[in-house]
Structure formats: C-alpha cells, structure tokens
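**Q** Sharing the feature lines straight out of TrEMBL:
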| type | residues | note |
| --- | --- | --- |
| DOMAIN | 8-382 | domain 'Serine hydroxymethyltransferase-like' |
| BINDING | LEU118, GLY122, HIS123, LEU124, GLU241 | (6S)-5,6,7,8-tetrahydrofolate binding site |
| SITE | HIS225 | site 'Plays an important role in substrate specificity' |
| MOD_RES | LYS226 | N6-(pyridoxal phosphate)lysine |
Amino acid sequence: MYKKISLRDTEIEELIELENQRQEDYVELIASENYVSEDVLKAAGSCLTNKYGEGYPGKRYYGGCEYVDGIETIAQERAKKLFDVKYANVQPYSGSVANAAIFLSLLKPNDVVLGLDLSCGGHLSHGYKISFSGIFYNATTYFLDQNGHLDYDEIEKRALEVKPKLIICGYSNYSQIIDFERFSQIAKKVNAYLLADISHISGPIIAKLHPSPSPYADVIMTTTHKTLRGTRGAIIMTNNEELAKKIDRAVFPGYQGGPLFHQIAAKAVSFYEALQPEFIEYQKQLLVNSKAFCQTFINKGAKVISGLTQNHLFSIDVKTTYGLTGKQCEDILHTLNITINKNSIPFDTEKPTTTSGIRLGTAAMTSRGFKEDEFIIIANLIDKALREPENLILHNVIRKEIVKLTHMFPIVRKYIEK
Ligand SMILES: *Cc1c(COP(=O)(O)O)cnc(C)c1O
C-alpha cells in the first residue's frame with residue numbers, strides 16, 4: 001500500500017485513504033491503469049506545483065525558471081531517447097488535450113480526419129461526435145473486419161474516398177500489432193498526415209515488443225500513465241522540425257497556459273525508470289501474462305474480440321459468451337473485488353453506457369507481481385462468476401479468494417522503493 005497521507009483536512013484525508021485501501025484490495029484489470037512508483041508520487045507531490053513558467057526552457061514568460069527549465073529539458077531528452085525521436089513536447093496535461101493540440105497544429109477547422117470507429121476500439125478524441133475532434137473537424141471513420149482485425153486495403157479504400165488531411169492509428173482497445181509502415185504508405189498516397197497515438201502500447205514499444213512508429217508517423221502521441229507506468233499526462237513527439245515548432249505553439253499558447261511542472265518532473269522520473277533494464281522485463285512479463293490470461297478465456301469458450309491478444313489488453317463479447325451486458329459484468333465483478341470496465345465491441349448494438357463487451361488488461365497487476373499462474377486463476381474465477389451471475393454463495397467464495405490474492409501481492413513492490 002502507498003504511504004498514508006495525513007492532512008489537516010480530515011474529510012479529504014479519509015477519502016484518499018479509502019481509495020488507497022481500495023487500490024490495495026482490488027484486482028485492477030482496467031487496461032489503462034497502472035501503479036506508479038513512490039518516486040513518481042513524490043515528484044508529483046512536490047513544491048513544483050507552485051511554479052509558473054509559460055513557454056519552453058530558455059524562453060519563459062516568468063522569472064525564476066532556472067530549475068524547472070532543467071527538469072523539463074531532462075524530461076524531453078529522456079522521452080527522445082525512449083522513443084527514438086528528434087523532438088518531444090512534455091507539457092500536455094492529458095492524452096485528449098495532446099490530441100487537440102496536434103489537431104490544432106496540423107489542421108484547419110472542418111478538415112477531414114480519418115480514425116478508427118469508437119465501437120471498434122478508437123478513442124473519443126479521434127473524431128467522436130461529442131468530442132472536440134468531432135465538433136470542430138469533419139470526422140470520418142474506418143472499421144475492423146469480421147475477425148476484429150485492421151483491414152489495410154479497406155482503410156486505403158476509405159482514405160481514397162474521404163481524402164483526409166489526417167489519418168489516426170493507435171487505439172484504446174485493439175489487441176493486435178499495428179503496421180505503422182502500411183499506414184504511412186496509405187497516408188502518403190492521399191497526402192495526409194499520419195498520427196500514431198500509442199497511448200496504450202508505449203510500454204511494449206519502448207521494450208521493442210511492438211514495432212515503433214518513429215520511422216513512419218508524422219506525429220506520435222502517448223499518454224504517460226498506461227503501460228508506461230508514469231504519472232497522468234501525455235507527450236507529443238515528431239522527427240520533423242517544422243512540425244515540432246507548430247506542435248509547441250499549439251500546446252502553448254494554443255491549448256494550455258502554464259505547464260504542470262510537478263507532473264513534468266514526475267514524467268521525467270517515470271522515463272528514468274523506463275530506461276532501466278527492469279522495465280524491459282516488466283514489459284515482457286506483461287505480454288506473457290496477457291496471452292495466458294486471454295488464452296484461458298478462449299479455452300473456456302469465451303468469445304474474445306480479435307482472437308489471442310498480442311499486447312497487454314483484450315476484450316470479451318460478454319453478451320454472446322455469458323448472456324450479460326458489459327455494465328452487468330462490471331457491476332458483478334466489482335462485488336468480487338475485481339475492477340474492469342465495460343467496453344463497446346465492434347458493431348455493438350448496446351449504448352456506450354451499457355455495451356456488450358468488457359475490456360481486460362494486465363499492466364497494473366503485472367506491476368504488483370502477478371505471473372501467468374495468477375492470471376489463469378483470475379480468468380477461471382471471472383468465468384465461473386459470470387456463468388452463474390446470480391449464485392451469491394459462489395460469488396462470496398470467489399471474493400474471498402480474490403482478496404487473498406491481493407494480500408499476497410501488495411502494491412508496494414521492489415521497483416517502487418529507492
Ligand atoms: C487513454 C487514451 C487517450 C486519452 O487520454 P486521457 O489522458 O484520458 O485524455 C488518447 N488516446 C488513446 C488511444 C488512449 O487510449
């Protein structure tokens with residue numbers, strides 16, 4: 001468990017402590033969550049939150065920036081090294097804001113963008129109608145094929161048809177390898193920019209367990225809090241000097257004011273950790289775990305979207321498999337001390353607040369030390385519980401086993417001690 005935080009404001013102290021305990025007692029399978037190290041937490045909770053420094057290192061609109069300049073420069077250098085790119089902007093507050101800044105830097109209002117449909121695993125900020133990306137831009141979509149895979153010939157056809165200015169690859173819920181080279185060929189053919197949003201797969205990319213978009217994408221964006229195991233936030237990267245300048249201007253003053261230096265420092269600390277050999281081992285284990293976890297569901301006869309996963313996540317069509325909606329599964333599993341999220345599946349007929357699917361990921365529990373054996377146990381328990389959704393006696397037994405497992409794998413692991 002993370003160290004207890006004691007505050008004069010006992011109301012907030014108590015809620016933080018309850019959340020701390022919840023994190024400890026639940027098996028965390030939300031694919032986009034992870035546990036940061038105590039070091040990352042310390043940097044994020046530091047005095048840097050006091051500092052204003054609009055602009056970039058050496059070019060600030062405020063005085064007293066000599067130390068935060070050093071911090072931001074180190075964060076940039078580490079990001080460049082991790083992802084093998086020439087330019088990195090480490091200021092974006094979140095992935096969605098980073099994407100908004102990228103759109104601002106590359107596009108004019110109402111330009112055509114082409115991204116994967118939300119139900120197939122795309123992100124809200126890739127053109128969904130209620131996001132900036134669908135409100136201010138002319139958003140069009142491509143879909144997955146019958147097997148739940150990207151169909152590059154179809155995507156090319158779609159691109160020739162809609163003539164986008166920007167093509168987006170990289171997703172929130174896609175379990176197969178992305179062919180960035182093929183995407184760049186399609187983008188070149190229609191004279192579009194290519195954005196690789198690697199928010200979910202930046203960890204495997206750093207570990208060279210997934211191909212890198214660096215040689216192929218015009219712009220790369222990643223959140224820093226998913227498989228990268230850092231603080232909440234995002235970074236934007238490119239190898240093109242002209243684009244780098246446009247991106248810097250779009251982040252500030254385009255979309256943001258003063259950068260969050262405590263978060264930039266925490267990003268830098270997580271990049272330091274990601275440069276260590278243990279991080280590669282973690283990513284390897286992450287994928288081994290994910291495949292074992294996924295294969296267990298397949299063996300049980302569950303309908304897994306896209307087949308056996310090639311990364312840290314996968315989703316299950318729970319309507320076909322268990323006759324339940326995603327929402328029902330999320331609620332049932334919550335009572336068993338398992339946290340997941342409901343997720344739309346390709347061509348879902350249920351609303352996004354109900355869904356026919358659930359998404360599962362191994363990033364967080366791998367950080368706590370889970371290996372294949374533990375994931376196989378969890379898969380069996382989830383499958384058992386969802387096959388008998390009303391058997392509360394069975395559920396009670398399962399919940400006890402889950403709590404026992406969480407206590408055997410406390411959050412404080414070696415990697416988070418100094
Ligand atoms: C998580 C995610 C984002 C957005 O991240 P936030 O920090 O939640 O705004 C953007 N793109 C993809 C593909 C993601 O998975």
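Using the three backbone atoms N, Cα and C, a Cβ is placed for every residue, glycine included.
Unlike curated records, TrEMBL annotations are generated automatically.
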**Q** Quick check on the recorded positions HIS123, HIS225, LYS226: which one has the highest count of other Cβ atoms within 10 Å of its Cβ?
**A** LYS226
**Q** List those of the recorded positions LEU118, HIS123, LEU124, HIS225, GLU241 whose Cβ lies under 6 Å from any atom of ligand 1, in sequence order, or write none if there are none.
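**A** Going through LEU118, HIS123, LEU124, HIS225, GLU241 in sequence order, those close to ligand 1 turn out to be HIS123.
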**Q** In Å, rounded, how far does the Cα of HIS123 ((6S)-5,6,7,8-tetrahydrofolate binding site) sit from the Cα of HIS225 (site 'Plays an important role in substrate specificity')?
**A** 16
**Q** Specify the secondary structure state of HIS225 (site 'Plays an important role in substrate specificity') as given by DSSP, simplified to three classes.
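**A** Reduced to three states, the DSSP call for HIS225 (site 'Plays an important role in substrate specificity') is coil.
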**Q** Tell me the Cα distance separating LYS226 (N6-(pyridoxal phosphate)lysine) from LEU118 ((6S)-5,6,7,8-tetrahydrofolate binding site), rounded to the nearest angstrom.
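**A** Each residue's Cα considered, LEU118 ((6S)-5,6,7,8-tetrahydrofolate binding site) and LYS226 (N6-(pyridoxal phosphate)lysine) end up 19 Å apart.
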**Q** For each of the binding-site residues (LEU118, LEU124), count the other CB atoms lying within 10 A of its CB, then report the residue with the highest count.
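**A** That would be LEU118, with the most Cβ atoms nearby.
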**Q** If you average per-residue pLDDT over the domain 'Serine hydroxymethyltransferase-like' (8-382), what number do you get?
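**A** That stretch averages a pLDDT of 97.
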**Q** Could you measure between LEU124 ((6S)-5,6,7,8-tetrahydrofolate binding site) and the residue listed as 'N6-(pyridoxal phosphate)lysine' for me? Cα positions, answer in whole angstrom.
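**A** About 17 Å separates the two Cα atoms.
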